[in-house]
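Enquirer: I'd like to ask you about the structure that follows.
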Amino acid sequence: MVLDNVSLIMMAAGDSTRFCASNAQTFRCKKQWLRVGEEPLWLVATRNLTHHFSFKQVILTASSKDYVYMQNISPYKVVQGGQTRCQSLRNALKYVDTPLVLVSDVARWDSSDSIIKTMLKALDESVACVVPFVGVADTSFYEGEYLKRESIKLIQTPQLSRVEDLQEALKDTSKDFSDESSALYALGKKIAFVQGSELMNKLTFSSDLKAHITRLSPPSKRVFIGNGIDVHQFEKNKQMWLGGVEIESPFGFKAHSDGDVVLHALSDAILGAIGGGDIGEWFPDTDETYKNADSKMMLSEIYTFAQSVGYELYNADISIIAQTPKIAPYKSAMRECIARILRVPNAHINIKATTTEGLGFVGREEGVCVEACVSMGFINWHTYIKDLH
């Protein structure tokens with residue numbers, strides 16, 4: 001169905017705070033990045049709509065952390081969101097050039113095409129917004145009195161709004177609203193309601209996955225390989241760090257950060273596996289913020305991001321090529337440190353060391369080279385369902 005007067009905005013800029021907090025030991029992946037086969041949930045949700053409707057524009061919002069990464073994956077336009085849903089919507093509306101807009105949360109991934117068709121029919125000239133709703137089955141009590149449950153509506157998305165009215169409703173940036181209908185209602189605009197569906201209930205807490213598991217395929221078992229290499233020359237009178245461990249040495253490494261060549265190579269390998277660029281893009285040496293930065297922090301930030309977008313580490317294999325210092329006395333401590341940062345068993349981290357038999361810059365004891373290789377895969381959220389309460 002062609003909708004050349006309607007744009008689609010998919011809200012995907014949230015941090016999944018409630019979702020991750022509801023099972024913090026298990027879920028470090030944001031809900032919009034849960035994989036369904038090969039695709040993240042935000043892409044599944046968007047394609048569920050674009051499969052049935054041809055919108056003039058399709059726009060997704062992404063958090064500042066995810067923005068560049070999502071751009072590299074998305075076949076649709078991606079705009080950077082704000083700190084709140086309202087701010088993200090304001091940013092997206094700047095790019096809309098149609099009179100109508102359909103706004104949906106990617107956490108409501110299973111939108112009904114028949115309900116949307118009903119919404120389109122319900123949008124007459126007097127209506128600024130059409131929303132789907134479901135009722136409540138339980139007796140409801142609020143602030144000292146029982147409510148008439150037949151009058152209670154639980155509002156869902158997607159919501160169909162007139163762009164001009166919605167922009168006016170969101171003009172005051174000091175006000176925050178949880179959805180489009182509440183913003184338009186506060187402006188005195190007329191809202192129309194159509195019957196929604198329990199299938200469009202929002203995925204908010206990790207326990208909600210139980211209701212979705214039969215309709216969402218498990219993640220692909222594909223393995224992703226990443227390689228990283230880094231070299232640093234020695235610098236006298238500087239502390240030496242390798243693999244997160246302080247090394248007894250008369251010199252350290254010449255670098256903008258602390259120069260931990262092991263953690264730098266490992267960070268690049270992780271970024272390579274997930275298609276996340278390189279460590280120089282994340283922590284540029286032109287930024288004084290990272291002057292003498294702790295490479296353990298850098299690795300932790302990169303891996304936390306990798307988990308947040310749906311990946312987990314299977315194993316890491318690290319080769320340290322050095323004439324000096326001697327690596328053997330520190331290998332065990334390095335493994336423990338790296339495993340702790342990456343939240344994996346020590347057995348998943350392997351560290352090897354070799355010399356160049358006196359050849360090259362390493363043999364001349366001018367510096368150290370490290371190569372790292374990692375294997376990673378999608379977090380299999382299906383296996384965690386049994387642990388949910």
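One is the number of the first residue shown, and numbering goes on along the chain from there.
Just so it is clear, glycine is given a Cβ too, placed from its N, Cα and C backbone atoms.
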Enquirer: Could you look at HIS256, HIS264, HIS348 and say which one Swiss-Prot places alongside ASP230, HIS232 in the divalent metal cation site?
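Expert: So the divalent metal cation site in Swiss-Prot includes ASP230, HIS232 plus, from the candidates HIS256, HIS264, HIS348, HIS264.
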Enquirer: Determine, to the nearest whole angstrom, how far the Cα atom of HIS264 (divalent metal cation binding site) is from the Cα atom of PRO284 (4-CDP-2-C-methyl-D-erythritol 2-phosphate binding site).
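Expert: For HIS264 (divalent metal cation binding site) versus PRO284 (4-CDP-2-C-methyl-D-erythritol 2-phosphate binding site), the Cα atoms are 12 Å apart.
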Enquirer: DSSP three-state call for HIS264 (divalent metal cation binding site): helix, strand or coil?
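Expert: Assignment for HIS264 (divalent metal cation binding site) reads helix.
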Enquirer: Which one is it, among the recorded positions ARG18, LYS31, ASP230, HIS232, THR355, that lies nearest to ILE279 (4-CDP-2-C-methyl-D-erythritol 2-phosphate binding site) by Cα separation?
Expert: ASP230
Enquirer: Near the divalent metal cation site, what residues other than ASP230, HIS232, HIS264 in the same chain have a C-beta no further than 8 Å from the centroid of the listed C-beta atoms?
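Expert: Same chain, not in ASP230, HIS232, HIS264, Cβ within 8 Å: VAL231, PHE253, ALA255, GLY259, ASP260, VAL261, VAL262, ALA265, VAL370.
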Enquirer: Using Cα coordinates, what distance in whole Å links PRO284 (4-CDP-2-C-methyl-D-erythritol 2-phosphate binding site) and ASP230 (divalent metal cation binding site)?
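Expert: A Cα-Cα distance of 15 Å.
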